Amino acid sequence: MSDNDQLQQIAHLRREYTKGGLRRRDLPAEPLTLFERWLGQACDARLADPTAMVVATVDDKGQPYQRIVLLKHYDEKGLVFYTNLGSRKAHQIEHNPRISLLFPWHMLERQVMVTGKAERLSTLEVVRYFHSRPRDSQIGAWVSKQSSRISARGILESKFLELKQKFQQGEVPLPSFWGGFRVSIEQMEFWQGGEHRLHDRFLYQRDDGAWKIDRLAP
């Protein structure tokens, strides 16, 4: 198959979106109410990793980066995720805390995008979550100097076994280089696929302490 044939095959990959629309009259006043409803439906539909979200950050040269992390908590203060504080995303957030999140619920023909500002979680919040994780995950947090270059996977595996032996008694301590971020919600956009590419998009945006809702063209 030639490169041109392959490109033609990709160009023709499409499907109709038929799972229903989204109407203004059905929207709650608060975006988190709709987010919670959609997240619950994603869980009920047994989607793989329904809490997985794309986190987009920008470096000091304006280059954007994206990666998938798991949402671990949300409330009116924002959406929470955890990471190695030496990671590329953590350094980029330190330089520019304005970030974007995206929940891609393809099987439900939905996506939710959040824009806002990330801020570090308190040590108490981080400690509570860290000790709720499986023990091997706690040890794994110690192993990796995230985003650094390594020569082989065996280095990580050997370090994991070494630390598992070291921490076999008592609690695994919280690494000083591990923490979390809360992303405030300045905007939240809900997208529902529609027939003939007439998708439904609604944007919630803060306006003098209240939420303004606008329909956007697809």
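The backbone N, Cα and C atoms fix where each Cβ goes, glycine too.
According to Swiss-Prot, the substrate binding site annotation covers Arg14, Arg15, Glu16, Tyr17, Lys72, Tyr129, Arg133, Ser137, Arg197, Leu198, His199. Residues annotated as FMN binding site in Swiss-Prot, with sequence analysis given as evidence: 67-72, 82-83, 88-89, Gln111, 146-147, Trp191, Arg201.
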| message | Need the DSSP three-state call for Glu16 (substrate binding site) to compare against my parser. | response | coil
| request: Just jot down the residues in the same chain as His199 (substrate binding site), at least 6 apart in sequence, with C-beta under 8 A of its C-beta; none if empty. | output: Tyr17, Trp191, Gln192, Gly193, Pro218
| query | Under 8 Å Cβ-Cβ from Arg67 (FMN binding site), six or more apart in the same chain: what's there? | reply | Val54, Val55, Lys89
| request: Between Arg14 (substrate binding site) and Val69 (FMN binding site), find the distance joining the two CA atoms and give it rounded to the nearest Å. | output: 27
| At the level of the C-alpha atoms, what whole-angstrom distance separates Arg88 (FMN binding site) and Glu16 (substrate binding site)? | 38
| request: If we count other C-beta atoms within 10 Å, could you say which of the binding-site residues Arg14, Lys72 has the fewest? | output: Arg14
| field | Spatially closest candidate among Glu16, Arg133, Arg197, the listed binding-site residues, to Leu71 (FMN binding site) (Cα to Cα) | value | Arg133
